[in-house]
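Q: Mind looking over this structure? Questions follow.
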Amino acid sequence: MRETSSRTEDHIQILFSINLTEYLDIWDVDMVKQRHEVNKQSHHTHLYASDHLIVRRAQQFQMKITFNRPYKPKEDKFAVEFVIGASPQYSKGTYIPVFPTEERQSTWRGQVIESNDNVVTMGITTAHDCIVGKYGMYVAVVTRYGIRRTRRDPNWDLYIIFNPWSPGDSVFLDDEEQREEYVMNELGIIYHGAYDDISERAWNYGQFEFGILDACLFIMDKADMPLTNRGDPVKISRKASAMLNSRDDEGVLVGNWSGDYIYGVAPTSWTGSVEILLNYASSGGLPVCYAQCWVYAAVFNTFLRCLGIPGRVVTNYFSAHDNDGNLKMDIILDDNGKVDRNRTKDSIWNYHCWNECYMTRPDLPEGFGGWQVVDATPQETSDGMYRCGPASVAAIKHGQVCYPFDASFVFAEVNSDVVFYRRDKEGTLQPVKVNTSHVGRMVLTKAVLHDGRKDITEQYKFPEGSPEERRVLEKAEEFGCQREKASVPEGDVTVEIAALEVQLGDDFELVLEFTNRSSQHRTVDIYISGSVVYYTGVPSAEVVLKTPTVKVDPQQSKKKSVLVHSKDYQSELVEQGNLHFIATGKVKETGQIITAMRLINVAGSPRVSEEMYVTVEFTNPFKFRLENVYVRLEGPGIMSIHTKHMIGPGTTISWTERFSPRRAGTTKLMASLDCAALRQVYGETEITIQP
């Protein structure tokens, strides 16, 4: 009896072993993830510094599965399973099984491209709206005893990002040159300065550098963004506009416009996004110090391009920041025509940088897709958080400011009027001059595939004074945007401040030209105020105040010069080195108020030399010592490097760094020098790396 029982157990074990070997067993999986292989080449992800497979959605990719025997389509049943998140569910799109046969398909399509001996090459096409992020992958075989599934292997993880090459994706951009610029280009140019004295700085977006893709996904994790929202570029860009600043959600960058950067890096010192994003991610989400608008926009651009959303940095010259939420920038004058700075609260930024990202807008009527404004600079709250956009550029141009998100705010940034009010002794405000063309003077972005500028002002607004512009403003008023409608009579005396270039340390003459178009003599009591201002238009210190009286003959013009000494402004200069002059006055004979404004940029910067070693040189031109001087160097293929120096008066530092480029091609190296006494010192050089 005991012998029979033993033989029966052996028989059962043999049967069980035979039954399992009838089914497929997974020996190996090849994700075809090498940079030179078909997946990364066809999906335009070969530049990412990652050992994992990175593919774009709505486009087929390949993987090779090695079984223990040849695959038999009529007998064998297996699936490739993709999961994302902690609790994957098919109904939420976080668990996706992909089958090799047409008879059974899920939201992602699968097919056997080739079966050779024991190796099956699978083609997998993800859904056009699938979640963007990092997926785990398993292979599961169906047996009569249940499902045989591979163990978790991090080497099989893959990233799925947006696909501007696919017509099915909501970020599809139907222009190859624009895709090369707005998705693939790692280097950018950001414009600043003034509209009549444009400055530019190169920026290393570094969207393909090691760790940047993980850092961008970490930002969405830090925001607790639901996975089900991470396939929608509208929701992702809106969430990112909040998370790139730290005002209310422990986001990436701390804003600082004070001029005191002792606890962090001065905004003018950054040369790229890589160091910022890696620091944020590696610290577990500790905000990085410090940023101003162009830094927010540049890092946001890295985020967009890294995830596959076409993006570009845009600069608006004379950008309105109106605390009242209307279309008026109010400048209050006293009864004599002098600016009342205590009552003038609105500010006009010399320039302001934001981003545009390209996507469809299924939540808006047809025609309002395409470029969308998003802005991470914390200016005003939107739905309770410091964020802005996405706002349709087409909606802004046509005055459809009722559409989400924040179109009315952006509309005001490019369309506000500058209104001068005279405040009498009783406190009554009377408009005395309206300037309709000062704000939104020019909107620039980098040109496609070369380093020139592209003026995109006409994408935001119709020509000043055109019938189309009047209709747009009337449309915006229908949605609650208030304008100054009072009729201000045109006077017979005007004043203009001539443009000029000023180098740091120069004395210069400010020239005002008065024109009398009447047939009588005119006498003008004029107030000339010159202030050092931050680029946000906020005054730091008044350095010039002159009150001449000017007499102008009938039908004549007369120039009046005011000498400005460097000793009056140099010690007060803040970063960006801007002087803002405003002339306001009263014509004695008529009581007419006249006004003029001029922004003057104080410039000067060194250059950088290059070769296998890059050398940064700087000579201290001042008679005092520069302390705690930080020099930074950055470019694609090398990490940001910084050193600390002290530079004596009249002495020169020369700092040489050896670097090993990671890949061939033309690129740029950027260097910046920063200390408390001297900001905005910057240089760049272009280099060509041979294969």
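Start at 1 and count along the chain as shown; that gives each residue its number.
Using the three backbone atoms N, Cα and C, a Cβ is placed for every residue, glycine included.
Straight from TrEMBL, here's the annotation block:
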type: DOMAIN; residues: 285-378; note: domain 'Transglutaminase-like'
type: ACT_SITE; residues: CYS293; note: active site
type: ACT_SITE; residues: HIS352; note: active site
type: ACT_SITE; residues: ASP375; note: active site
type: BINDING; residues: ASN415, ASP417, GLU464, GLU469; note: Ca(2+) binding site
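Provide an account of the burial state, proximal residues and distances for the features listed.
A: Summarised as a single figure, the pLDDT of the domain 'Transglutaminase-like' (285-378) averages 91.
Cβ environment of CYS293 (active site): TRP349, HIS352, CYS353, TRP354, THR377 lie under 8 Å away, each six or more residues apart in the same chain.
Applying an 8 A CB threshold to same-chain residues 6+ apart, the list for ASP375 (active site) reads SER241, TYR296, ALA297, TRP354, ASN355, ARG387, CYS388, GLY389, VAL410.
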Q: What's the most sparsely packed of the binding-site residues ASP417, GLU464, counting other C-beta atoms within 10 A?
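A: Among the binding-site residues ASP417, GLU464, the sparsest Cβ neighbourhood within 10 Å belongs to GLU464.
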Q: Are there any residues in the same chain, six or more apart in sequence, whose C-beta is under 8 angstroms from the C-beta of GLU469 (Ca(2+) binding site), and if so which?
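A: In sequence order, LYS461, PHE462, PRO463 meet the Cβ cut-off.
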Q: In sequence order, which residues at least six apart in the same chain have a CB under 8 Å from the CB of ASN415 (Ca(2+) binding site)?
A: ALA320, LEU327, VAL439, GLY440, LYS461, LEU473, ALA476
Q: Tell me the Cβ neighbour count for HIS352 (active site), meaning other Cβ atoms within 10 Å of its Cβ, over all protein chains shown.
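A: Excluding its own Cβ, HIS352 (active site) sees 27 Cβ atoms within 10 Å.
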Q: Applying the rule Cβ within 8 Å of the centroid of the Cβ atoms of ASN415, ASP417, GLU464, GLU469, what extra residues of the same chain belong around the Ca(2+) site?
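A: In sequence order, the nearby non-listed residues are THR436, SER437, VAL439, GLY440, LYS461, GLY465, LEU473.
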